[in-house]
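See below for the structure under consideration.
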Amino acid sequence: MLHPIESRTIRPVAAAPQPAPSPSHDEDNPWHTGAACCRDEAGLFFAPSKEPTAARLAREEQAKRVCARCPVLLECREHALVQPEPYGVWGGLTAAERRVVLARRRRRDVELREAARVPAARRIAG
Ligand code: SF4
């Protein structure tokens with residue numbers, strides 16, 4: 001999927017307050033229609049090649065500030081985690097931060113499976 005900034009029409013950064021998005025999103029009303037980011041901010045969300053670390057950190061912080069005021073942050077973040085989207089800031093998380101979240105989810109899933117198996121094994125043994 002295109003990043004929300006690429007899939008929407010241009011909207012000024014300082015746009016008038018928008019109505020709250022519908023809590024349900026469907027084919028006619030996809031979640032990214034409520035995105036706070038806009039095309040003229042595209043450079044904030046994706047790294048140019050050979051970007052120095054200090055510049056990258058500053059750019060990512062700016063992108064995260066846009067995400068922080070976004071009404072569809074959670075939908076965007078979950079989309080980027082589930083795909084997974086390998087590049088750019090989505091839902092207030094960098095690609096590296098998403099990898100950490102995914103690793104934690106995998107660990108949690110393993111622990112939950114293990115926890116579910118242990119009592120079953122004890123019932124069989126007991
Ligand atoms: S959370 Fe960030 S990247 Fe996602 S739609 Fe909102 S502003 Fe854009």
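All positions are counted from 1 along the displayed chain.
Cβ atoms here come from the backbone N, Cα and C positions, even for glycine.
Automatic, uncurated: that is what TrEMBL annotation is.
Residues annotated as region 'Disordered' in TrEMBL: 1-34. Sequence annotations record features per position, and here TrEMBL assigns domain '4Fe-4S Wbl-type' to 36-100. What TrEMBL records for Cys37, Cys67, Cys70, Cys76 is [4Fe-4S] cluster binding site.
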Non-site residues, in chain order, whose CB comes within 8 A of the mean position of the CB atoms of Cys37, Cys67, Cys70, Cys76 at [4Fe-4S] cluster: Pro4, Ala35, Ala36, Val66, Val72, Leu73, Trp90, Gly91, Gly92
DSSP-derived class (H/G/I helix, E/B strand, else coil) of Cys37 ([4Fe-4S] cluster binding site): coil
Integer average pLDDT (0 to 100) for the domain '4Fe-4S Wbl-type' (36-100): 95
Binding-site residues listed as Cys37, Cys67, Cys70, Cys76, least Cβ neighbours within 10 Å: Cys70
